[in-house]
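Colleague: Please find one structure pasted underneath; my questions will follow.
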Amino acid sequence: MPQSTVRHWTPDKAKLDPDPRGRAVRRCLLSLEALRHEAAFGWWKAWRPLGLPKRDRWRNPIQPLLLAVGSGASVAGTTCLAIDPHWAFHIACLLRLVQDYKSNLFPGAGEFLIMETINYSQARFCLLLWTFFVTPSLGKIVVDYRIPASAKVSDFDDPSSALAKNTKFKAIGSNKVDEVVEFEKQPKAPFSSIVFKITDKSIFQPNEKDNSSAQLGFRRTDLLPLYNAPEVEVGKKTYHHSFKLAKPLNISHGYLLGSLEFVAGDGAHMFDIFYGSDFESKETSGKPVPNEQVASSFRVRDINFNPIYSVKAELKTVYNFAIEVDWTKQTLQVFFSTDNNPLVKVGNPAPSIPKNPKAAGSTGKNEWHLQLIKMPIPDPKDPEDKRGDVPHKGLQPPITDEEIVQLRNFVEDTTNEAPNPNPDGDSSGVKRQGKACRKTKRNRGNGSADGSRGNTVGGNDDK
């Protein structure tokens with residue numbers, strides 16, 4: 001690189017003069033959108049849908065700049081960029097636009113060094129070359145329950161199949177698996193989504209020899225991925241769940257859709273994702289609880305069933321949740337997006353410390369659930385102090401057609417890396433669970449049958 005003078009430069013110090021050349025401004029805006037695409041889909045695909053002429057994709061000096069900014073490349077703790085000073089005010093405009101967005105994906109990117117180079121072409125070449133070697137450091141997948149497009153539902157019943165080997169347990173009542181589980185292929189995607197269904201036969205009986213153990217209060221379809229808790233539940237792990245309502249559910253009832261459950265701790269959940277009415281033993285009218293607005297939302301809840309993030313659910317929209325569990329600090333951090341948009345952090349880390357002493361000490365002892373469990377409405381004929389036994393008590397009207405679509409289910413190790421903003425996750429370099437997981441005895445007995453029990457799933461009654 002030619003000799004240059006180096007000066008500190010930040011967006012706040014730059015002059016945001018209007019650009020007389022509309023094409024350059026358009027390039028800046030296109031570059032902002034490219035950053036969004038690059039974060040979610042990889043920079044090779046970032047420029048295809050943006051309408052930038054193909055001949056300009058490599059001539060646009062903002063592209064390599066963005067890729068370098070997005071990668072968080074640093075030297076001695078300071079992000080360094082080489083760029084022709086002619087483009088400084090364009091960069092200032094662009095950084096002002098991406099500042100808030102970038103901070104969600106790459107926190108900590110601070111001051112920039114602008115090198116006033118003699119030869120612009122050399123500076124552009126250096127930036128372009130840089131992008132081939134510097135990539136974002138993102139979490140690695142340690143548990144993967146994304147369903148390959150080639151998988152069939154019948155694979156659940158084939159012990160030699162990869163799907164059966166990756167499934168610890170399934171709770172489907174007296175249904176056949178293909179009556180309550182369906183795979184839907186996604187256009188141009190390597191993975192299928194899972195359609196969870198429930199019927200009047202979706203009654204789980206933990207002890208096949210004891211009819212009194214039947215969970216008559218629930219209607220339940222539940223899949224437990226193979227999950228080695230002692231190995232996984234260290235450092236920080238991020239659990240990915242995505243949902244789509246293809247048709248309305250009955251919001252007079254509550255629906256448990258996903259959870260990280262401590263079975264031995266009175267069925268507590270380190271976190272869960274809930275939809276529909278909260279369970280209140282006094283509310284026997286069948287109206288949404290606490291109200292229709294809350295009942296119509298997806299809620300991420302902590303170990304005490306307090307919502308830490310909620311979003312109103314609309315039909316046909318995919319809702320992506322990534323819940324980062326800090327197993328050392330016992331906190332939860334939620335990331336969220338819709339459809340194919342990049343995941344962004346929402347809110348601050350929330351403590352997940354149990355009020356119930358039986359739920360303490362869950363680290364290394366949980367089960368990961370993908371599920372559709374329909375809660376009952378309290379039966380006014382039951383004594384009020386007995387209504388909280390939601391697996392066995394309450395009212396369930398006949399079911400005609402109830403289902404939810406789930407997809408993008410995997411767990412990342414984010415102890416030292418940021419969660420992947422791509423809701424589909426990374427398909428390369430997948431790290432499976434280690435030998436300890438493969439040697440774990442597979443419990444085909446009651447699975448989490450004792451979990452999702454008593455008041456612990458019921459909602460507010462147990463508080």
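Quick reminder: no glycine exception, Cβ is built from N, Cα and C everywhere.
Here TrEMBL flags 9-20, 379-392 as compositional bias 'Basic and acidic residues'. Summarising the annotation, TrEMBL assigns compositional bias 'Basic residues' to 432-444. The domain 'Glycoside hydrolase 131 catalytic N-terminal' annotation in TrEMBL covers 142-413. As annotated by TrEMBL, region 'Disordered' applies to 1-20, 347-366, 375-463.
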Colleague: What is the number of residues in the compositional bias 'Basic and acidic residues' (379-392) that are helix, strand and coil, as DSSP sees it?
Modeller: 3 helix, 0 strand, 11 coil
Colleague: Quick one: DSSP breakdown of the region 'Disordered' (347-366) into helix, strand and coil?
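Modeller: Taking the region 'Disordered' (347-366) as a whole: 3 helix, 5 strand, 12 coil.
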Colleague: Pop the mean pLDDT for the domain 'Glycoside hydrolase 131 catalytic N-terminal' (142-413) in here, whole number is fine.
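Modeller: Mean pLDDT across the domain 'Glycoside hydrolase 131 catalytic N-terminal' (142-413) comes out at 96.
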